[in-house]
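**Student:** According to TrEMBL, the protein has these features:
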| type | residues | note |
| --- | --- | --- |
| TRANSMEM | 21-41 | transmembrane segment |
| TRANSMEM | 53-72 | transmembrane segment |
| TRANSMEM | 92-115 | transmembrane segment |
| TRANSMEM | 121-141 | transmembrane segment |
| TRANSMEM | 162-179 | transmembrane segment |
| TRANSMEM | 199-218 | transmembrane segment |
Amino acid sequence: MDKKKNDPIGGNAILLSVSPLKALILHLICGLGLGLAFWVANHIYSLDLITNSSSHFGIFLVFLAPVLILLYSHLRHDRNQCSYVKAVGRGLLALPAGAVVNALGATILGAPVGFEYFPKTLSWSLLMSLLTFVPAACVFGSSWTDWHRVFARTKANESTDCMICLPAHGAVIGAWFGAWPMPLDWESPWQEWPICVTYGAVAGFFVGLVASLGCIIFRNRQQHLKEE
C-alpha cells in the first residue's frame, strides 16, 4: 500500500511513499511504452532510428509522453493545492521548456549546429525532456526546493524522489557516454548526431528505472526494520 506523510517543509503538501509493487508496475508500464514505440516505428511504419531519426522520435513522443505524464501526475506531492488535471498540464508545459534546456546544454557541449541538424536536435531534446523534466514537473510542480534537492543535491527523501532522480540522471549520464563514439573516425552511420546519444540516453533511463526500484525496495525494508 501507499503511505501518505505530511511534508514538514511544505506544510499542506502530502508526500506519497510508493510501495515497491506500485513502483514496479509503474516502471513496467514505462518500459512497455518505450518498447511499444520502438516496435510500432520499426514494424508498422518501417522507420529506422538511423535513417529516419526525426520521425522515429515523433513515434516515441506520441506513445511515451501520455504514459509518463499520466502516471507521474498521479504521484504529485502537492495534492491539496494541485488537482490531477493541473499536474497533467504541468507535464505538458514542461515538455517544451525542458527541450529548450536540453538543446542549449547539448549545443554547449558540442552538438552540431545548423539548419540541417535543427529537426534532429529538436526531436532529441523533446525526448530528453520527456525522460528528465516532465516526470519532475508532474510530481514537484514549481517547487524549487524539491528540484534543487533532487537534481542538484541528489537527496531522496521519499520513494517518489528515487523514481524521479535516478532515471533522469541515468538518461543524462547515458547520453553523455553515448556521445563518446561520435568524434571517432569509424565512418559508421550510427555515429551521426543524435543516434548513439539517443541509444545511450534510453539505456541509461532503463538502468535508472531498475536502480530506483532497488532503492525503493531497500528503503521499504529499512522502514519495516525500524518499525519492528
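The backbone N, Cα and C atoms fix where each Cβ goes, glycine too.
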**Student:** Do any residues of this chain, six or more beyond the ends of the transmembrane segment (121-141), have a C-beta under 8 angstroms from a C-beta of it, and if so which?
**Tutor:** 53-54, 57-58, 60-61, 64-65, 68-69, 72-73, 75-78, 82, 87-88, 90-91, 93-103, 106-107, 111-112, 147, 150-151, 160, 163-164, 167-168, 171-172, 175, 193-194, 197-198, 201-202, 205
**Student:** Residue list, the transmembrane segment (199-218) vs rest of chain: Cβ under 8 Å, 6 or more residues beyond ends.
**Tutor:** 18, 20, 23-24, 27, 30-31, 34, 49, 127-128, 131, 156, 159, 162-163, 165-179, 190
**Student:** Out of 21-41, 92-115, 162-179, which stretch has the largest tally of CB pairs under 8 angstroms to the transmembrane segment (53-72)?
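**Tutor:** Per the Cβ under 8 Å count, 21-41.
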**Student:** Six or more residues out from either end of the transmembrane segment (162-179), which same-chain residues have a Cβ under 8 Å from its Cβ atoms?
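**Tutor:** Distal contacts: 18, 23, 26-27, 72, 75, 109-110, 128, 131-132, 135-136, 139-140, 150-151, 154, 156, 196-209, 211-212, 215-216, 219.
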